[in-house]
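To keep things clear, I will list the structure first and then write my remarks on it.
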Amino acid sequence: MADTTASFSPSCVERLKSYVNTPKGFTLAAEILVSFIIIICYAASVYGGYSALAICEMIFSMIFFGIFMMDLDKQILVINWVWTDLFRAGIGAVLYIITSLINFIGGSGDGARIAGAVFGLIAGLIFAYDTYTIFLQVKSNRQHSAAPTDDRV
C-alpha cells in the first residue's frame, strides 16, 4: 500500500500557473506570446525570411521560462543564469528593434509585414524592459567593498 503522507511536490501545471504570476514569469510569457504573433505575421507576409529572429527568440524564451519555472537555475550552477539571461534579453531587444525598423520602413503594400514590424517593436520594448529588470537585479546583487588606500601589499 502506498504511503499517502509523503511530501507533496507540485505538478508541472501548478508550477506553470504560479510562475506566470511572478513578474519574471509574466515577462517571459509575454515575450513568448509576442514572438509567436510575429511568426504568424511574417509567415503571412511576402517576405517570410524575417521570421527566423522571432523563432529563435521564442525558443530561447521558452528554454529560460522552463529553466526558471522548474528552478533548474538553482541546481545547475555551472552557468551564471542571470548574466546569460541578461545577454539573451539585451541581444533580443536590439535585434527586434533593428529588424522591426527595417520591416516598417520597407514594408509598403504588405500589411502582414507592417503588422509584424509593429509587434516586433512591442517585442523590442518587452525585451528591453526585461533587460532593464535583469540589470537592476545584477546591480543589487553586486557587493561593494572599499579599495585599500595604503601602499602596503
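Every residue gets a Cβ built from N, Cα and C, even glycine.
Copied from TrEMBL, the annotated features are:
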type     : residues : note
DOMAIN   : 19-139   : domain 'MARVEL'
TRANSMEM : 25-45    : transmembrane segment
TRANSMEM : 51-70    : transmembrane segment
TRANSMEM : 82-102   : transmembrane segment
TRANSMEM : 114-135  : transmembrane segment
- Message: Within the same chain, where does the transmembrane segment (51-70) have neighbours whose Cβ lies under 8 angstroms from its own Cβ atoms, ignoring anything closer than 6 residues to its ends? I mean 6 or more beyond.
- Response: 12, 15-16, 19, 24-25, 28-29, 31-32, 35-36, 38-39, 42-43, 76, 81, 85, 88, 92, 95-96, 99, 116, 120, 123, 127
- Note on the structure: Contact set of the transmembrane segment (25-45) with the rest of its chain, CB cutoff 8 A exclusive, min separation 6+ beyond the ends, reads 19, 51, 54-55, 57-58, 61-62, 64-65, 68-69, 92, 107, 110, 112-113, 115-116, 119-120, 122-123, 126-127, 129-130, 133
- Note on the structure: Per DSSP, the domain 'MARVEL' (19-139) contains 104 helix, 0 strand, 17 coil
